[in-house]
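Have a look at the structure below before the remarks.
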There are 2 protein chains.
Amino acid sequence: MSEHAAPPEGADFGHDFARALDAADPLRPYRDWFVYADDTIYLDGNSLGRLPKGTPARLQEVVGDQWGRSLIRSWPRWTEFATAVGDRLGREVLGVDDGQVAISDSTTVNLYKLINAALDLRPDRRTILIEKDNFPTDLYVVQGIAQARGITCVYLDSDIDRGVDVSLVADALSDDVALVVLSHVAYRSGALADMVSITAAAHEAGALTLWDLCHSAGSVRIPLREATADFAVGCTYKYLNAGPGAPAYLYVRRDLQSQARQPIWGWFSQRDQFGMDQQYAAADGMARFLTGTPNMLGIASVDEGLNAIADAGIGQIQEGGRLLTGYAQLLADEWLRPLDFAVASPRQPSRRGAHLTLHHEQAWQVCQAMIARDVVPDFRTPDRLRLGFSPLTTSYDEVWRGLDQIRQIVQVGEHLAFPTERAAVT
Amino acid sequence: MSEHAAPPEGADFGHDFARALDAADPLRPYRDWFVYADDTIYLDGNSLGRLPKGTPARLQEVVGDQWGRSLIRSWPRWTEFATAVGDRLGREVLGVDDGQVAISDSTTVNLYKLINAALDLRPDRRTILIEKDNFPTDLYVVQGIAQARGITCVYLDSDIDRGVDVSLVADALSDDVALVVLSHVAYRSGALADMVSITAAAHEAGALTLWDLCHSAGSVRIPLREATADFAVGCTYKYLNAGPGAPAYLYVRRDLQSQARQPIWGWFSQRDQFGMDQQYAAADGMARFLTGTPNMLGIASVDEGLNAIADAGIGQIQEGGRLLTGYAQLLADEWLRPLDFAVASPRQPSRRGAHLTLHHEQAWQVCQAMIARDVVPDFRTPDRLRLGFSPLTTSYDEVWRGLDQIRQIVQVGEHLAFPTERAAVT
């Protein structure tokens, strides 16, 4: 599919064509690596990825053998588990050399640690730039730190559909900006930021960068190395398929590690941890960015989730995502545009991650009607239907059937029977 | 066993007596609730508790059904899971009313959040008191915060065997002390602090208290309510049997919650979380002290681990711990004192938690020799052998055989073949 894809000549919108695309899909064998418990059409692998078939047995090994049988004799394998699996995630997903990634805490806590570390590295600067439509937890962490440290928070006025571009960042940079906090793929629209150019602009102005990779890691190539990006964080339960609340990861470029101070000093970030010294001395390398005892079952899930990604390769996965979102866009243009839907994501596949967002004034009602038909999308405020395509687990058949269901629902007004207001807590 | 127990008249040190104690033990049925994979003598349940038999199936339910089958449709049950299980832990283990406990993050991260919250509640005070022999992660978190905020850290010069008493704390209190950070049960000696008196002394001086319950919760009654203690944290993988790296918990007394500011603002601490508002507004109640997405498998493990505790009741568990440590002390006095061991823990059962620490100059070598015989204790710097007795899972037979093994090892000098120096990283 070319960069500026118009519907190809003779595009075929029939179900057989979707099946033919599946038959030709080089990623098709990986669907056998995951659990499909029923006929649900799951267009939300970018919110919670599917369960890999190998994960239950792997967890049973950790629970039954390492915990149940070996008990504390498993400590030698646990003490370096967070950095060992971090290294693997770094190589297979983030494209960086060993010694720069660790599995730790949640994305929120990792943001907190690294934003503070970045501010300490630029003590004369008092401003953080952040996209106003960054994921809420990124905004909240920045707001809390800004309040506590008396830092100014400047919000980049990005378009919620097109995301952030280098000129918007460049215009806001100044010699007071310590740090730029951005998502690589926007959680709402799927817009893919130009990490290389934006990082270069930030560095030019003497600022550091922190990239949130939650919605990009495992779906597109991450140019951390090419960008010489400073810091990054991400979760593992979306395209990395590690399960609900599995631990997150953080990346710190090697040359920054020894200068960086992270604020939550715990026994896992201590040099000679089992020396039990009464005075803190920060460990070298990525261990410095750990805190308390890591979640061992969660790290095992992360490791297991990496198997399919490592086998397929991130290049092939990225290509699969572009084809899936491209195909969904064709169907949306053909079937849903007449029903008052519009593609809200950037239209060029190379300008987005692996999800496609549709605008519709009754998006919340449509979302509820879809779920009632066992088609699972995500609603995004204020009026967006977010369709996530996980290249390893979503088939063209699922895309066809999912969009066909939306068409059926809206054609007959089935969604109008559902509430227009979402409950305050869902 | 009375408070000031001397060896009873006609104390029987034979193996049959241990078996008779087991036969009469009201907690004996609970041993069937846990996995005993082999004949290991496990005297380290205070480091990592045993695997409950129900946990693998419970995890399979979360993994297979909630994740694998229901996927994001499980969110409604996950959003309040951290506070629901927190409430249960509060009732069954901590003896406090609902709405004051949540499962979240690690002990280290929870210490960080609550120490900062406490300092913000006492803005005119610039000193933290902490026992110099508190668990290292407590010391490190305090040191990091003290450095970042320009706070003075005063170390209580406690005796490492007797722990901290109220007069030591009272002497160090002043109108500059914002917070007192102590462990309820000392990780090294097992000494039990007088939470009620110490909290009263702190409050009298206008200071707040933060209790680390890692080594006490699940083994002794926790008088948080009686003490009107302010804050507490603890882990779940020791006497709560939730597995390696399972999430920790935090307690905030109800009347402090709305005034307290925790520093890590995340989407799980946001009011109307799924409103995705761009401006942070702290949730009410314990949700305010959450951060990012909680570890759902871990919370399920915590919930599962609570079953046996809830069934037995913490009063009966505390009594069981006193009897086990009392019995171990009798055997240590009789068998090991002649071999240059000394009981380092407080001698009165009511003055300690459920572990007993022995001093021996070659403790590290003895520890290694024990592990080689499948007897698992813990070594504690500089020369302590720590024997943990988990009332629900440790039998008198195990105590008898464990101490008998130590006797056999040291009588023939078997331990002298092991290294005298521990490796820098174990």
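Quick reminder: no glycine exception, Cβ is built from N, Cα and C everywhere.
Automatic prediction, not curation, is the source of TrEMBL annotations.
Reduced to three states, the DSSP call for A:ASP212 (pyridoxal 5'-phosphate binding site) is strand. Here the Cβ of A:ASP212 (pyridoxal 5'-phosphate binding site) has 28 other Cβ atoms within 10 Å, regardless of which shown protein chain they belong to. Under the heading pyridoxal 5'-phosphate binding site, TrEMBL lists A:THR107, A:THR108, A:PHE135, A:PRO136, A:THR137, A:ASP138, A:ASP212, A:HIS215, A:TYR237, A:TRP267, A:THR293.
Counting every protein chain shown, the number of other Cβ atoms lying within 10 Å of the Cβ of A:LYS238 (N6-(pyridoxal phosphate)lysine) is 26. What TrEMBL records for A:LYS238 is N6-(pyridoxal phosphate)lysine.
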- Message: To the nearest Å, how far is the Cα of A:THR293 (pyridoxal 5'-phosphate binding site) from the Cα of A:LYS238 (N6-(pyridoxal phosphate)lysine)?
- Response: 23
- Query: Expressed to the nearest Å, what is the distance separating A:THR107 (pyridoxal 5'-phosphate binding site) and A:LYS238 (N6-(pyridoxal phosphate)lysine) at their Cα atoms?
  - Reply: 12
- Taking all protein chains shown into account, the Cβ-based neighbour count within 10 Å for A:THR107 (pyridoxal 5'-phosphate binding site) is 28
- Item | Residues satisfying Cβ distance under 8 Å from A:TYR237 (pyridoxal 5'-phosphate binding site), sequence separation of at least 6 | A:LEU48, A:GLY49, A:GLY243, A:PRO244, A:GLY245, A:ALA246
- Highest CB neighbour count within 10 A among the binding-site residues A:THR137, A:THR293? A:THR137
- Same-chain residues at least 6 apart in sequence with Cβ under 8 Å of the Cβ of A:PHE135 (pyridoxal 5'-phosphate binding site), in sequence order, are A:SER183, A:TYR187, A:ASP212, A:CYS214, A:HIS215
- If you measure between the CA atoms of A:LYS238 (N6-(pyridoxal phosphate)lysine) and A:THR137 (pyridoxal 5'-phosphate binding site) and round to the nearest Å, you get 16
